[in-house]
Amino acid sequence: MHCERFLCVLRIIGTTLFGVSLLLGITAAYIVGYQFIQTDNYYFSFGLYGAFLASHLIIQSLFAFLEHRKMKKSLETPIKLNKTVALCIAAYQEDPDYLRKCLQSVKRLTYPGIKVVMVIDGNSDDDLYMMDIFSEVMGRDKSATYIWKNNFHEKGPGETEESHKESSQHVTQLVLSNKSICIMQKWGGKREVMYTAFRALGRSVDYVQVCDSDTMLDPASSVEMVKVLEEDPMVGGVGGDVQILNKYDSWISFLSSVRYWMAFNIERACQSYFGCVQCISGPLGMYRNSLLHEFVEDWYNQEFMGNQCSFGDDRHLTNRVLSLGYATKYTARSKCLTETPIEYLRWLNQQTRWSKSYFREWLYNAMWFHKHHLWMTYEAVITGFFPFFLIATVIQLFYRGKIWNILLFLLTVQLVGLIKSSFASCLRGNIVMVFMSLYSVLYMSSLLPAKMFAIATINKAGWGTSGRKTIVVNFIGLIPVSVWFTILLGGVIFTIYKESKKPFSESKQTVLIVGTLIYACYWVMLLTLYVVLINKCGRRKKGQQYDMVLDV
């Protein structure tokens, strides 16, 4: 016992020293700015900090590739499908078409005897259409429905403590005695909805799968996740490959689709190699129910800065599994399609909410670094502090008073994006990943200031994203973007003012003209490809029936 505590203390000290040393090392490399390669007049340079970031991308891609090889080998591993599984669907003001597609995909799941529990966040007349769709798709004679005036934590109007207890027991009994059931309950947020499903199921099943109401599941998605949990008893949770259902509806959804692929099949695949996936996404995830009930109350009652948390449910659920020392995995063999915002403002609000939960959960996650591979510490430091280094770099380049610095920065952003997207295209076997380089512009212009705004408002709670039937009227997310653009515009004006004081040399003019032409041609080429792709694939998608997940 004493030996285990001593080893635990050593691991805590070791991971802490490693993380601090890594951060100090990166900071020192950034400040010193040592250059390996440097041309005359400083038109191009490649330094220690750049070499470190390049090495990170190469190493991350390598481990992702190795994890994908392991996934392919697991196909040959036979398993017995004798474990009980329950699918929990969280619904809130869902688009009827998306909800219908979600439930139709649920009916096509190949895992035998899977139980379906859909909980609707809201019990007003405006929410009844979701229950009607559930009964229509799942079969009125094969499913049950129940309108609950309250939920597990709040009593209904005029309800006593005793009657609230009885209604809670009734809901639990309905869930346990029906293979398919839909419950409408008093509004309380997504975490309240998920809690109802977890609490009502109790320990009656072996594995619990989570799903959002805008998600279409691949028929084999449940089977593939069960395989991962069955192969290793120390794996506590597993997530699948989330693809975009409405990728051709707008430019924002299209860029999100290529970003999703990169996030899951490179970043999370790499994390999975070391058994420390940071977030099992809500649209497609599965947990050991025995673990779930060790922390479900703590998960629901999570507080941050004195306020109860109402967003970041999936990320905190994953962190709770990691806190127990269990591994979390990713499998590309389990797939789904999900809706993503097609409007810029809704997307910005979504990204701000996700960034809030990321930074909050980063602090919580840090307490468990010592229980997992050093890669978990390493990646947390790199991804957690990268935005700050990037902002410092951008401001520094824009206010140095040299037009070439700004142009070089724009070219470098696209070059790095192109290198990453080229590797992703090879791994995926699809040229569409080349558009990932366009997402880098969206990251620099919008996501970067959204991250800073998320930190500044991290204790502000709420559902985070309005229902799909609601028009977005919250424009506050545009404030940080406007401030960021003002800062960049100030840098451009300052640079033009400084450069106008002295004439350009002939060599400088040549470099600027060539750089501008390369940048302009790059954009013309990609935008042309985008228009061609949208016209070709957009028409094909209109008549397509989503009987299975297609990687297009």
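All residue numbers here begin at 1 and follow the chain in the order shown.
Heads up, the Cβ atoms here are built off N, Cα and C, so glycines get one too.
Per Swiss-Prot, the feature ubiquitin cross-link maps to Lys190; the stated evidence is similarity to another entry. What Swiss-Prot lists as O-linked glycosylation site is Ser221, and the listing cites similarity to another entry. Per Swiss-Prot, the feature phosphothreonine maps to Thr110, Thr328; the stated evidence is similarity to another entry. Sequence annotations record features per position, and here Swiss-Prot assigns topological domain 'Cytoplasmic' to 1-11, 67-374, 424-429, 497-510 based on sequence analysis. Here Swiss-Prot flags 33-45, 396-402, 451-475, 532-552 as topological domain 'Extracellular'. The feature transmembrane segment is assigned by Swiss-Prot to 12-32, 46-66, 375-395, 403-423, 430-450, 476-496, 511-531, with sequence analysis given as support.
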Ser221 (O-linked glycosylation site) versus recorded positions Thr110, Lys190, Thr328 - nearest by Cα:
Thr110
Per DSSP, how many helix, strand and coil residues does the topological domain 'Cytoplasmic' (1-11) have?
10 helix, 0 strand, 1 coil
Between Thr110, Ser221, Thr328, which of the recorded positions has the fewest other CB atoms within 10 angstroms in the structure shown?
Thr110
Mean pLDDT across the topological domain 'Cytoplasmic' (424-429), rounded to an integer, is what?
82
Same-chain residues near the transmembrane segment (375-395), Cβ under 8 Å, at least 6 residues beyond its ends:
15, 18-19, 22-23, 26, 30, 49, 56, 63, 270-271, 273-274, 276, 278, 322, 359, 362, 365-366, 369, 409, 444, 448, 451-452, 487-488, 491
For Lys190 (ubiquitin cross-link) and Thr328 (phosphothreonine), determine the Cα separation and express it in whole Å.
22
Taking the Cβ of Lys190 (ubiquitin cross-link) as centre, how many other Cβ atoms lie within 10 Å?
22
Report, as numbers and ranges, every residue of the chain located at least six residues beyond the topological domain 'Cytoplasmic' (1-11) whose Cβ falls under 8 Å of a Cβ in that stretch; write 'none' if there are none.
370-371
By DSSP, what is the split of the topological domain 'Cytoplasmic' (497-510) into helix, strand and coil residues?
8 helix, 0 strand, 6 coil
May I ask for the residues of the chain that lie six or more residues beyond the topological domain 'Cytoplasmic' (424-429) and have a Cβ under 8 Å from a Cβ within it?
61, 64-65, 68, 258, 261-262, 265-266, 436, 551
Count, for each of 403-423, 430-450, 476-496, 511-531, the Cβ pairs lying under 8 Å from the transmembrane segment (46-66), and report the range with the highest count.
403-423
Out of 403-423, 430-450, 511-531, what stretch is closest in contact terms to the transmembrane segment (476-496), meaning most Cβ pairs under 8 angstroms?
430-450
